[in-house]
Structures are given as structure tokens and as C-alpha cells.
Amino acid sequence: MANYSHAADNILQNLSPLTAFLKLTSLGFIIGVSVVGNLLISILLVKDKTLHRAPYYFLLDLCCSDILRSAICFPFVFNSVKNGSTWTYGTLTCKVIAFLGVLSCFHTAFMLFCISVTRYLAIAHHRFYTKRLTFWTCLAVICMVWTLSVAMAFPPVLDVGTYSFIREEDQCTFQHRSFRANDSLGFMLLLALILLATQLVYLKLIFFVHDRRKMKPVQFVAAVSQNWTFHGPGASGQAAANWLAGFGRGPTPPTLLGIRQNANTTGRRRLLVLDEFKMEKRISRMFYIMTFLFLTLWGPYLVACYWRVFARGPVVPGGFLTAAVWMSFAQAGINPFVCIFSNRELRRCFSTTLLYCRKSRLPREPYCVI
């Protein structure tokens with residue numbers, strides 16, 4: 001079959017056996033780790049009902065996208081390297097594989113942006129987040145992201161920003177030409193804009209958390225109390241909160257007349273809001289690490305693409321381009337490690353699932369906290 005690389009590229013020499021071996025070994029490792037890791041995380045998210053919540057629906061969608069890219073697109077890259085950096089499947093197959101690869105890339109970028117917005121809502125507007133971000137809302141967001149990704153990846157199939165086999169990359173993807181005769185620059189600019197917007201949302205979230213942690217000088221105002229209810233201008237509200245939670249004794253405070261006291265609330269219930277806030281921060285940290293790694297691993301490849309579009313002189317060095325392409329491949333298998341090492345809840349559910357599969361769990365002995 002003909003090679004579909006553009007005529008402006010120089011004819012590459014055949015790869016040395018050592019280079020081909022390193023490429024095949026590393027790519028095979030990436031395929032195995034990505035498929036197995038994302039599949040295990042997906043099974044865990046589906047099986048454990050405690051993880052059927054808004055952030056983990058999005059994580060399941062990211063895992064499915066990475067499995068799609070690793071199981072379908074990467075084997076064709078593997079075969080092209082094995083065949084000496086040549087494409088032997090025809091033009092239509094090349095366009096389909098390139099479409100799936102670009103679809104997965106834009107889907108991950110769009111989804112990470114939507115996740116950053118939901119993370120900000122979870123911490124800054126938690127009540128709105130818990131009421132509005134239901135299963136159907138998450139499903140609508142996921143459908144919207146896939147629709148936008150298809151809209152971005154499909155036009156090159158119709159030769160708008162042509163898909164072709166790039167021999168230097170061993171894959172079918174965008175054919176990047178000079179910016180004066182280029183159709184792919186708009187797609188790259190949009191991808192860079194999405195990544196920048198995602199970072200700005202997380203930056204706003206960091207500023208929000210930092211502002212709430214600032215120490216302010218305390219101004220003491222005397223509170224009014226005849227029966228230890230402490231109401232009035234100087235009251236901090238803690239006595240009223242204790243009374244509502246079922247810890248108050250004596251008559252109803254004057255400011256809480258007509259409000260029923262909750263007598264069934266336990267002492268642990270008082271710390272639920274703080275625990276949820278810490279959990280949301282841990283989940284936000286996990287997704288930010290994913291976003292940062294996506295930007296880090298795709299950054300060199302984006303630099304190489306912009307280099308080919310705007311640079312007039314030398315071409316992109318072969319070693320840099322190969323490393324950039326393989327780093328973008330590695331991004332598909334990095335998320336499972338981030339999930340396990342940065343999320344305590346996922347790690348606990350994962351270990352619990354493995355213990356449940358191996359042996360029956362022993363009942364815990366009763367203990368008393370002194």
C-alpha cells in the first residue's frame with residue numbers, strides 16, 4: 001500500500017532494530033497497562049454502589065475513553081512500527097483510526113474541563129451541587145461532551161484538516177502544514193484554549209479555598225443568656241446549632257421558637273459537613289493531578305504540532321517528536337495509578353473488593369474510644 005505521509009517531509013531511513021524494539025516494547029506495555037488498569041477501575045466503579053456519585057460517573061467515562069483509544073488505535077500504531085513505519089490498511093481505515101484517536105483526545109479535554117467546573121461547584125456551592133448534580137445531570141453532561149468531541153473530530157474525515165498517515169509519528173492523525181495552507185490550526189487552538197480554561201477554573205478554586213482559610217482578627221461581643229442558650233448579637237450560633245442537633249438542654253432559645261429539635265442525631269453527625277468538605281477536596285486534588293498530567297504528557301506533542309505549523313526553517317527533531325508521541329500515548333494509562341495513589345476512598349474500595357473476592361471478611365471486634 002502507498003504511504004500517506006505528505007510530500008514535504010523528508011524520506012526517513014529505516015528504523016534500527018534497537019529503536020524498533022524499544023518502540024514496540026514500550027507501546028505494548030502502555031497498551032496492557034492502559035486496558036487492564038482502566039478496566040479494573042471501571043469494574044470497581046460499577047460494582048461498588050458507594051461510588052455511584054457525580055465525580056465517579058465522570059471518572060468512569062474517562063476510563064471508557066482511554067480503553068477505546070488503547071484497545072483500538074494503539075494496535076494499529078504497533079503494527080505500523082512492526083512493518084517499518086508504513087501503513088498497510090488503506091485510506092478509509094486510516095481516517096477511521098485517526099478519527100477515534102482525535103475523538104478520544106478532545107473528549108478527555110472537554111471532560112476534564114467539565115469536571116473542573118463541577119469540582120468548583122462542589123466546594124464553593126455545595127448545596128447547589130448536591131441538589132442539582134444528579135445521575136441524569138451527569139448523563140447529560142457526558143452526552144454533551146461526546147457530542148462536542150464528535151463535532152471536533154469528524155470534519156477532518158471530510159478533508160477539512162485532512163487525516164493522513166504521518167510516518168514520523170507511526171500513526172494516522174492530523175496532517176499539519178504551514179499556517180498559510182493549514183486546516184488543523186483551529187483544532188489545535190481550541191484544544192489549547194480548553195486546557196487553559198481548565199487550569200483557570202482550578203486556579204479560581206485554589207483562591208477560593210485559600211480565602212476561606214485566612215485568619216481574621218476576633219472581635220468579641222457579649223452574648224445574652226439567662227439559661228445557657230446564648231442568643232443575641234454576640235452569639236456565634238454554636239449554641240443554636242448544638243440545640244438543633246439534639247445536644248441542648250433547657251428551654252428553647254428565643255431565636256429558635258417554632259423550630260423542632262432533632263433528638264435522633266448522634267454526635268458523629270455534627271462532623272459530617274467537615275468530612276464531606278475534606279472528601280471533596282481530595283477528589284478535586286485527584287482530578288487536578290489528572291489534568292496536570294494530561295497537560296504535561298500532551299504538551300510536548302502540541303509544541304511539535306505548532307512547530308510544524310509556524311516554523312519555516314528546520315523540521316522537528318526526530319527524537320523529540322518520537323518522545324512527544326509516546327508521551328501522549330502514555331497518558332491513556334496514567335489515570336488508574338492516579339486514582340489508586342491519590343484517592344483514599346477508591347483505594348479502600350479497591351482493597352475491600354479484593355479481600356471480598358479472596359476470603360470472607362471477619363467481623364470487627366467491638367472497641368471503646370477513651
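The backbone N, Cα and C atoms fix where each Cβ goes, and this holds for glycine too.
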Candidate cysteine (C143, C172, C305, C339) that Swiss-Prot pairs with C94 in a disulfide: C172
Record feature N-linked glycosylation site (Swiss-Prot), assigned residue among N14, N83: N83
Per Swiss-Prot, M188 shares membrane side with K278: no
Candidate set N182, N264, annotation N-linked glycosylation site, source Swiss-Prot, matching residue: N182
Sequence-remote partners of the transmembrane segment (314-334) [C-beta within less than 8 Å, at least six residues beyond its ends]: 9-10, 12, 23, 26-27, 30, 33-34, 37-38, 66, 69-70, 74, 77, 104-105, 108, 168-171, 290, 293-294, 297-298, 300-301, 303-304, 307-308
Candidate ranges 26-46, 189-209, 287-307 - greatest C-beta contact count to the transmembrane segment (97-117) (under 8 angstroms): 189-209
Sparsest-packed of the listed disulfide-bonded residues (C94, C172) - C-beta count within 10 angstroms: C94
Stretch in 58-78, 189-209, 287-307 most in contact with the transmembrane segment (138-158), if contact is a CB pair under 8 A: 58-78
